[in-house]
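Lifted from TrEMBL, the feature list:
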type	residues	note
TRANSMEM	A:15-38	transmembrane segment
TRANSMEM	A:58-80	transmembrane segment
TRANSMEM	A:86-115	transmembrane segment
TRANSMEM	A:122-142	transmembrane segment
TRANSMEM	A:181-202	transmembrane segment
TRANSMEM	A:223-240	transmembrane segment
TRANSMEM	A:318-343	transmembrane segment
TRANSMEM	A:355-375	transmembrane segment
TRANSMEM	A:405-429	transmembrane segment
């Protein structure tokens, strides 16, 4: 197969694999902080146990997260050397800062993992807060490079490809940095909240659990629901800003996301369906009149640019509409689920019925699918460019013919690791059930 | 100093840090495997106790090194990326297996043997892959086809210098890690493990020096430029050897408590030995990143960006100093950690 396609496939799967663990790595320390703080305030040992058990899970996943992050960091230089040549001149700062954020996370994670029992409570809290700050800062800084690829700034390029007039801070604070960084952070927090909710709901669906266990899982579920409700709502509000950013700076991508061909005022929003090239519209979709114009710039008569304004070879693949819909659709479902569950708990004041628990069980995996769909949308929606309107992917990619063989090798690695992590998580938590921890405490 | 020279000096410093930390990390994995099954279990425990909290930090230094190469020398990425794609990709693949299995080992008790073997063997293979990058830079292994650089695998794999470099890397790794773990065992007052690692230091030391010297003799004919530079710079290499001899001699000093060896001073001397050697080798390597196709001046970014990156480095390491001190105290000083059962 074509080397460029293989290079993209290799990097794409590497990133797609890393995203799973990285997202958890960003969100889970925040959940651990919440549990630690609740324990600090309420002196309820259940929260201490929660922090301890989540930390164990975090330690297992962090190993994969760090290893796959190393792969992605090295691989991008190997597979897209001409891209890194520009990155090194223009947007090197966030890359370097990211390492230090990563270093802070690594140092304090070791401290929190292996020295927690030797630390005074405040220092322990400082450690886990440093882990969370390091992880979130890492995510924000790497997202900065991603944002810059979508809305490049801070340099000029001559026709023969020479980079001039570099302004590193203009590149750092490129137009989409703020909204995109927020989007990545908030959606990671959301996802982890729902993953925790999934696990707690799964445990609560079991018939044979003791009342102490039930109380424990209910507390975990409550934290997850509150945090999840808040964060999913914040993600949606920020997602709206992201769409408006696209409208202003990257209309080609917005047009592809919405399957809009003709530039128009009062543009309708198409939900669902697939973009048909022959019919020049989204087929089998629910159309909401005027809604796209309104979303793009808060006015019904906003003119939204369509794909036909651009030559067809500069269109991203039309299926990005589906990816976009999957992301937005799941995001919406998550908000509804979280608020429904909270309504059930606080207004109806009733136990969760099994059907609601079952929905909660699937909410975590769904959130992760939304994350993947979102990243795929953002990266595929930028095609054929690696740096929007500056560098084409085919010009950035390596020409080495070893890429194909490496692709299959790394695919094997990722699939194996997915199974092995799942297995180790199961093995560990099966051999160290909550029940035993609670019994050890004499409950 | 010129900006590009400063950049390459920082790079060699980072390489020094990673080669030491990496040697400790991979070496500890190897010693953990060797002593994991046997009677002398405490040696394995000492190795693992060091490895558990440090591997993440070591791993970050690898990433720092890679990112620094790419950001300081962006014009080098095309050549480096094309030529090093396969060895580096295989290296990180194995590193991933090693990292994950090492952590999983603590969480899946039943499978310890398999996991320990993995971390021990990768502790040899990964350094071998990484060190095989060095001969590639010497010249003669890269050709251009239609302006596109290709690594001559046939030439490389049949050249004795590759295997001498690998032997050099492995003997150094094991020597440095044995020396350090000896000192670490002393801090833990585990004299059994101390004797084990001292014993290994004694035979590995002279062997690593002998291999290092022999390796230079196997350099490919294209590398005469660096051999000349090394000969001109004999004072620095002599100084490095002197540090080795002092450090080695310190292993024999008998102390009042009956144990032989001034471990801490010996480790410092060996550290100096490698620091001097790496800088001397680095300066002999100038002005090339890869001979004869790429010099540091060709690869260097624009100086303004570079100076901003320097500020980031200064601030970054500045912020981290207290964290490193805390880390040192908790894992390399605290008796409660070192002597736990």
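Any Cβ shown, glycine's included, is placed from N, Cα and C.
Curation plays no part in TrEMBL annotations; they are all automatic predictions.
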Under a criterion of three or more Cβ pairs within a distance under 8 Å and sequence separation of at least 6, are the transmembrane segment (A:122-142) and the transmembrane segment (A:405-429) in contact? no
Is the transmembrane segment (A:181-202) close to the transmembrane segment (A:318-343), in the sense of at least 3 CB pairs under 8 angstroms with a sequence gap of 6 or more? yes
If we call contact 3 or more Cβ pairs under 8 Å (sequence gap 6 or more), are the transmembrane segment (A:58-80) and the transmembrane segment (A:181-202) touching? no
Out of A:15-38, A:181-202, A:223-240, A:405-429, which stretch has the largest tally of CB pairs under 8 angstroms to the transmembrane segment (A:355-375)? A:181-202
Top stretch among A:15-38, A:181-202, A:223-240 for CB pairs under 8 A with the transmembrane segment (A:405-429)? A:15-38
